Amino acid sequence: MISPLLILFSSFFYHVALAGRTCPKPDDLPFAIVSPLKTSYEPGDQIVYTCQPGYVSHGNMRRFTCPFTGLWPINTLRCRPRVCPFAGILENGAVRYTSFEYPNTISFSCNAGFYLNGTNSAKCTEEGKWSPDLPVCAPMTCPLPPTPKFAELSAYKSLAGNRTLYGNRAVFKCLPHYAMFGNDTVTCTASGNWTELPECKEVKCPFPSRPDNGFVNYAAKEVLYYKDKATFGCHDTFVLDGPEEVECTKYGNWSAQPSCKASCKISVKKATVIYEGERVKIQEKFKNGMLHGQKVSFFCKNKEKKCSYTEDAQCIDGTFEIPKCFKEHSSLAFWKTDASDVKPC
Ligand SMILES: *[C@@H]1O[C@H](CO)[C@@H](O)[C@H](O)[C@H]1NC(C)=O
Ligand SMILES: *[C@@H]1O[C@H](CO)[C@@H](O)[C@H](O)[C@H]1NC(C)=O
Ligand SMILES: *[C@@H]1O[C@H](CO)[C@@H](O)[C@H](O)[C@H]1NC(C)=O
Ligand SMILES: *[C@@H]1O[C@H](CO)[C@@H](O)[C@H](O)[C@H]1NC(C)=O
Ligand SMILES: *[C@@H]1O[C@H](CO)[C@@H](O)[C@H](O)[C@H]1NC(C)=O
């Protein structure tokens with residue numbers, strides 16, 4: 001049974017509604033949704049504002065009823081984007097971003113020697129979470145380097161499973177008789193591979209030949225290999241030109257080819273010369289001849305200026321040329337002064 005009062009009340013209400021003014025389509029609010037959305041509302045109709053997914057507001061919801069005046073009340077709702085957790089730091093890498101708000105995307109890169117384990121970008125979702133999960137920059141590693149033929153690994157610092165970090169080195173050594181071509185040191189690169197490996201090649205040298213007027217000694221072996229040595233010497237008055245010891249090089253030749261050079265006979269009977277900074281009598285100092293390479297300075301006269309100067313002479317493989325300006329002093333010409341006693345120019 002319906003109460004007469006209720007009938008009375010509802011008819012009154014109906015009247016008033018008819019008498020009130022309709023509300024217009026409500027104002028658009030950025031990132032908000034109005035429900036239900038219509039072009040006009042009867043007084044008493046209700047609408048609800050909610051923020052779009054990814055946007056939030058304090059309270060997050062506003063409910064309004066269309067008043068008799070037909071004017072919606074002032075709506076202070078503000079929908080703001082959700083903010084994802086701070087993602088500005090990626091260890092050993094970099095994050096590029098404009099903001100951490102929905103619906104922005106941020107991107108990642110790793111420093112040299114590190115690689116991205118994960119995706120190179122992530123989006124701030126409606127729920128305010130990064131998707132996919134943030135990546136990490138993992139250090140680049142290299143596997144154990146392959147050992148070149150005829151070589152052995154002489155230095156290597158490894159992690160678990162024999163891998164090593166970017167920038168680390170491995171050093172190779174060739175087996176005996178083998179010479180290295182390339183760098184003995186390889187480096188683990190930022191791309192996780194190794195720099196170019198060296199090569200080891202077997203190297204033999206021919207037997208060294210005996211120099212004229214001298215001798216050569218080397219190990220009594222069938223074959224001479226890389227790094228084997230030979231020593232040279234010369235007979236009596238001959239002098240070795242070159243090192244005493246030579247080595248078989250990686251090119252299959254000897255590091256040098258020493259030879260024996262003859263000494264010189266002195267063709268002047270008497271002269272004062274300078275040898276190693278001292279005045280000496282050539283006939284006494286070099287009684288037994290001058291060795292290859294030895295050098296003296298002769299005194300010569302400048303007649304016009306009445307002074308003396310020196311000129312060098314060197315024994316080169318049996319040849320010793322006396323400077324042309326030198327005049328041998330005759331013991332008969334006793335009134336003449338020897339050039340070595342004349343004041344220097
Ligand atoms: C990448 O990271 C995941 C966990 O974050 C880990 O399980 C996986 O082994 C990593 N992959 C590589 C290749 O390092
Ligand atoms: C690492 O390398 C060494 C030498 O090449 C080898 O003896 C060892 O078995 C390796 N270990 C692993 C875990 O691969
Ligand atoms: C060999 O490589 C290392 C680094 O990889 C470098 O420092 C060195 O200078 C190289 N040696 C030669 C002889 O090229
Ligand atoms: C190492 O890897 C990079 C990138 O994959 C490649 O460009 C380079 O040629 C490789 N280096 C060697 C020595 O294999
Ligand atoms: C040995 O051979 C190399 C390469 O052919 C050459 O450069 C070098 O000069 C030679 N050395 C000698 C001492 O002949």
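For all residues, glycine too, the Cβ spot is worked out from N, Cα and C.
Summarising the annotation, TrEMBL assigns signal peptide to 1-19.
Per TrEMBL, domain 'Sushi' is recorded for 21-81 (among others).
Here TrEMBL flags Cys23-Cys66 (among others) as disulfide bond. Counting every protein chain shown, the Cβ of Cys23 (disulfide bond) has 23 other Cβ atoms within 10 Å. Secondary structure from DSSP puts Cys23 (disulfide bond) in a beta strand.
Residues or ranges marked as domain 'Sushi' in TrEMBL: 82-139 (among others).
For Cys137 (disulfide bond), the number of other Cβ atoms no farther than 10 Å from its own Cβ, over all displayed protein chains, is 20. Annotation source TrEMBL lists disulfide bond at Cys110-Cys137 (among others).
Taken from TrEMBL, the feature domain 'Sushi' applies to 140-202 (among others).
Positions annotated as domain 'Sushi' by TrEMBL: 203-262 (among others). If you average pLDDT over the domain 'Sushi' (203-262) in this model, you get 96.
What TrEMBL records for Cys205-Cys248 (among others) is disulfide bond. In the three-state DSSP scheme, Cys248 (disulfide bond) is classed as strand.
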Long-range same-chain neighbours of Cys205 (disulfide bond), Cβ under 8 Å, sequence gap at least 6?
Leu224, Tyr225, Tyr226, Asp228, Cys248, Thr249, Gly252, Asn253, Trp254
Integer Å distance between the CA atoms belonging to Cys66 (disulfide bond) and Cys110 (disulfide bond):
57
With Cβ-Cβ distance below 8 Å and at least 6 positions apart along the chain, what are the contacts of Cys66 (disulfide bond)? List them in sequence order.
Thr22, Cys23, Tyr41, Glu42, Pro43, Gly44, Asp45, Gln46, Ile47, Trp72
